[in-house]
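S.K.: Sequence annotations record features per position, and here TrEMBL assigns compositional bias 'Basic residues' to 82-93, 146-155. Under the heading compositional bias 'Basic and acidic residues', TrEMBL lists 156-167, 176-197. The domain 'WIBG Mago-binding' annotation in TrEMBL covers 10-36. TrEMBL lists 1-25, 54-197 with the feature region 'Disordered'.
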Amino acid sequence: MATPYVTDETGKYIASTQRPDGTWRKQRRVKAGYVPQEEVPVYENKYVKFFRSKPELPPGLSLEAAAAPGKAEPSDTGLSKAAKRNLKRKEKRKQQQEKGERDTDELIQALERSALSEPLPSCGTASPGVSPGTSPGDAPASERSRRLKNLRKKLRQVEELQQRLDAGEVPNPTREQLEKLSRRKTLEEELRGLERD
């Protein structure tokens, strides 16, 4: 913004101006060669001038690549090996996520299309891990072996606790320890039943 000057026979003056609050500034006399503060050019050293003269591009991007974006893929130009690898991983993760979403959608659609072949029983309980309408002997072999392993582990823990009590290592057993000891017969019967099947 240029400062308004008034010239008369006595010299050069800066005209009086109104402040934002409504008051007036007096007109001021200006000596020859005076340059107002807002018109003084800002000093820039040679480094600032150099960087201002260069086009503003991302680091590592050449002028040719910026001029012809259709020729080279912008994601690969000027990137380090690690950055390229990370981009590939990111794209792969995105594709896997999209594939997983598609698979989930297909599964949901298949479940919606399918109908139950037989109605569920209105009352009664099934043992855990066994679907309604099947006996515990019909359970898959992996489920049965997992249950056997779990029961053997619990029995081993009960026997170890009993040995520690007999040896006097545990003078005052807690309520949980006593409950564990009382379940021993139930665990043994269940284990025998699974082994028979």
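Backbone N, Cα and C define each Cβ position, glycine as well.
Just so you know, TrEMBL annotations never went through curation; they're auto-generated.
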S.K.: Test the contact criterion for the compositional bias 'Basic and acidic residues' (176-197) and the compositional bias 'Basic residues' (146-155): 3 or more CB pairs under 8 Å, pairs 6 or more apart in sequence, then answer yes or no.
M.R.: yes
S.K.: Just give the helix, strand and coil counts over the compositional bias 'Basic residues' (146-155), going by DSSP.
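M.R.: Across the compositional bias 'Basic residues' (146-155), the residues distribute as 10 helix, 0 strand, 0 coil.
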